[in-house]
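First the structure, in the form of structure tokens, and then the observations on it.
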Amino acid sequence: MTLKFNKRQLQAYFVCGTQDVPGKDLETIVQTALDAGITAYQYRDKGASQLTAPQRLALGRRLRQRCAAAKVPFIVDDDVELALALNADGIHVGQKDDQVTTVLQRVAGKIFVGLSCSTVAEIEIANQIDGIAYIGSGPIFPTTSKADADPVVGLAGLRQLVKVSKRPIVAIGGITVQELGPVAHTGAAGSAVISMLAQSPDIEQTVNAMLAVTEVRP
Ligand SMILES: Cc1ncc(COP(=O)(O)OP(=O)(O)O)c(N)n1
Ligand SMILES: Cc1ncsc1CCOP(=O)(O)O
Ligand SMILES: [Mg+2]
């Protein structure tokens, strides 16, 4: 049984793979973040990751179990077959991944689907596609966690995307604790972060900062 999507899951959204925590144990970091109260976890293991496909599947199974125990949605990045094999709650795809319509047909309502949109034109196309649960927009600020990131969107650009989107938007890219409030004031439903949590000296304190931000009703 998978968790149904709810926009409140976007408030404190942790995105992380082994490549983001070199020399550390991803499971321990994710469990610490779950214990602190993250509202969603995305398994995004790619790029500099050293895992083989079997290792990625085995680790995914353990992370999926930890999220299920915490009743926090477990979302897989990019790979719809991995998402289905792990009985994930959701999958997130970008503009350069499989077509979102193909992914929606493949998952057939079994798991929710998030889509990356960083321009008004991309949002307007997404608005016409039934079945998309949420939008991930960014990079809002410069980021070093994604080598092929789109141009920086900025807070004004994010506000514009929120205004035209029919679905809730989670902001991503270069977000620090200081920027959580300004991001929320654009009307975004939350922040998705890699380094702010993966590199935090106090994950519990950082998650509390994410949870303390109240969404501004647009
Ligand atoms: C919540 C969220 N938003 C955006 C992204 C970026 O997805 P994508 O553009 O497909 O890039 P990669 O993450 O696959 O490098 C995301 N993963 N999560
Ligand atoms: C996956 C992704 N998509 C757009 S920016 C980004 C990286 C976000 O990482 P960080 O929070 O460390 O900037
Ligand atoms: Mg992708």
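Heads up, the Cβ atoms here are built off N, Cα and C, so glycines get one too.
Keep in mind that TrEMBL annotations are predicted by a computer and have not been checked by a curator.
The domain 'Thiamine phosphate synthase/TenI' annotation in TrEMBL covers 13-196. Positions annotated as 4-amino-2-methyl-5-(diphosphooxymethyl)pyrimidine binding site by TrEMBL: GLN42, TYR43, ARG44, ASP45, LYS46, ASP77, SER116, LYS146. Positions annotated as Mg(2+) binding site by TrEMBL: ASP78, ASP97.
TrEMBL feature annotations superimposed on the structure.
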| residue | record | DSSP (3 states) |
| --- | --- | --- |
| GLN42 | 4-amino-2-methyl-5-(diphosphooxymethyl)pyrimidine binding site | strand |
| ASP77 | 4-amino-2-methyl-5-(diphosphooxymethyl)pyrimidine binding site | strand |
| ASP97 | Mg(2+) binding site | coil |
| SER116 | 4-amino-2-methyl-5-(diphosphooxymethyl)pyrimidine binding site | strand |
| LYS146 | 4-amino-2-methyl-5-(diphosphooxymethyl)pyrimidine binding site | coil |
Result for ligand 2 contact check over binding-site residues GLN42, TYR43, ASP78, ASP97, LYS146 with Cβ cutoff under 6 A is LYS146
Same-chain residues at least 6 positions away from GLN42 (4-amino-2-methyl-5-(diphosphooxymethyl)pyrimidine binding site) with a Cβ under 8 Å from its Cβ, in sequence order, are TYR13, PHE14, VAL15, CYS16, ILE75, VAL76, ASP77, HIS92, ALA192
GLN42, TYR43, ARG44, ASP45, LYS46, ASP77, SER116, LYS146 bind 4-amino-2-methyl-5-(diphosphooxymethyl)pyrimidine per the record; greatest CA separation between any two, in Å, is 17
A correct count of other C-beta atoms within 10 Å of the C-beta of SER116 (4-amino-2-methyl-5-(diphosphooxymethyl)pyrimidine binding site) gives 19
Within 10 Å, the Cβ with the most other Cβ atoms among the binding-site residues ARG44, LYS46, LYS146 is that of ARG44
With neighbours defined as other CB atoms within 10 A, the best-packed of the binding-site residues ASP45, ASP78, ASP97 is ASP45
Hits among GLN42, TYR43, ASP45, LYS46, ASP78, ASP97, i.e. binding-site residues with CB under 6 Å from ligand 3, come out as ASP78, ASP97
Smallest number of other CB atoms within 10 Å: among the binding-site residues TYR43, ASP77, that is ASP77
